[in-house]
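Residues or ranges marked as active site, thioimidate intermediate in Swiss-Prot (evidence: sequence analysis): Cys186. The NADP(+) binding site annotation in Swiss-Prot covers 108-131, 216-239 and is backed by sequence analysis. As annotated by Swiss-Prot, K(+) binding site applies to Gly181, Gly183.
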Amino acid sequence: MRIEEDLKLGFKDVLIRPKRSTLKSRSDVELERQFTFKHSGQTWSGVPIIAANMDTVGTFEMAQALAGFDILTAVHKHYTVEEWAAFINTASADVLKHVMVSTGTSDADFAKTAQILALNPALNFVCIDVANGYSEHFVQFVAKAREAWPTKTICAGNVVTGEMCEELILSGADIVKVGIGPGSVCTTRVKTGVGYPQLSAVIECADAAHGLGGMIVSDGGCTMPGDVAKAFGGGADFVMLGGMLAGHEESGGSVVEENGEKFMLFYGMSSESAMNRHVGGVAKYRAAEGKTVKLPLRGPVGNTARDILGGLRSACTYVGASRLKELTKRTTFIRVQEQENRIFNNL
């Protein structure tokens, strides 16, 4: 046993210090980025935000809507091959370039993903997702996927430390998914005592990944557009959003009505709700590590996407970054004990 004395920080612990700027308008900010990935060699350009691979967020409908904003969607792994085929038959090539195919790490997952990727060559992204990216089996699966799909861009996680980030990149991942426990419907930290404050995880993993020519996606912990800006400021190449994109018309959650008001169910993918739906219940040897919440219906996701992108542009103007790529170079974090004036928050 040992204790690390270094203070680790989450998004709520900091603000971004404003700096002199020559920008005259938020419209001067370029949010699109272009990446060439280490292993696949593929080049992609767009806004580096990803809708999470949750079945109440990462839907085909979400992919269609967010492609119009140049945003990626990690489509959840529970669609059948037939459902994928039907989607591909109706989706444009532009939509498909904004889609990630999500998978687990079983032999059945591998075979199913191979079938999906064979449906259309425009599917260039694979998202290999497990709750705990520290297992040897997971690393071996990433290497297997890289060998099988050498030209596909592979995103793999989740981890929160530099050495494991390096391990995954060396095993074939182009992008490492960073985050254990920060999600709005994740209870891993409560159930297990395991986790890592998200901003510190992003900063440390970005440093490790960039040293090897890899990239990271900050997954979880964003509750408002300012958190997205902080994640990019901390060095994230991509930011994945779940709760911020849940509860919309395109989100895919079940709708319930109470006292004349409609709500949409949103749950973590290790929650009892998710396991009841997809694997027949919670196995006797494990505990659920997610919760289910009811969100007021929020309308089309386009309104939320515009709000997030507007906040991100504004953050860039406050530090003089004319491009999103420059934000991390111009970011100075200050530690704080408050984020906002909350006097009217309950009204």
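Using N, Cα and C of the backbone, Cβ positions are placed for all residues, glycine too.
Positions of the features from Swiss-Prot, shown on the structure.
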{"residue": "Ala108", "record": "NADP(+) binding site", "DSSP class": "helix"}
{"residue": "Ala114", "record": "NADP(+) binding site", "DSSP class": "helix"}
{"residue": "Asn120", "record": "NADP(+) binding site", "DSSP class": "coil"}
{"residue": "Val126", "record": "NADP(+) binding site", "DSSP class": "strand"}
{"residue": "Gly181", "record": "K(+) binding site", "DSSP class": "coil"}
{"residue": "Cys186", "record": "active site, thioimidate intermediate", "DSSP class": "strand"}
{"residue": "Ile216", "record": "NADP(+) binding site", "DSSP class": "strand"}
{"residue": "Cys222", "record": "NADP(+) binding site", "DSSP class": "coil"}
{"residue": "Gly234", "record": "NADP(+) binding site", "DSSP class": "coil"}
Inter-residue Cα distance where the pair is Val126 (NADP(+) binding site) and Gly181 (K(+) binding site), in Å: 22
Cα-to-Cα gap, Gly234 (NADP(+) binding site) vs Gly183 (K(+) binding site), nearest whole Å: 18
Length of the line joining the Cα atoms of the residue listed as 'active site, thioimidate intermediate' and Cys222 (NADP(+) binding site), in Å: 13
Nearest of the binding-site residues (Asn120, Val126, Cys222) to Gly183 (K(+) binding site), judged by Cα-Cα distance: Cys222
DSSP state at Val228 (NADP(+) binding site), helix/strand/coil: helix
Cβ neighbour count (within 10 Å, all chains shown) around Ile216 (NADP(+) binding site): 33
Position of peak Cβ density within 10 Å, selected from the binding-site residues Ala108, Val228: Val228
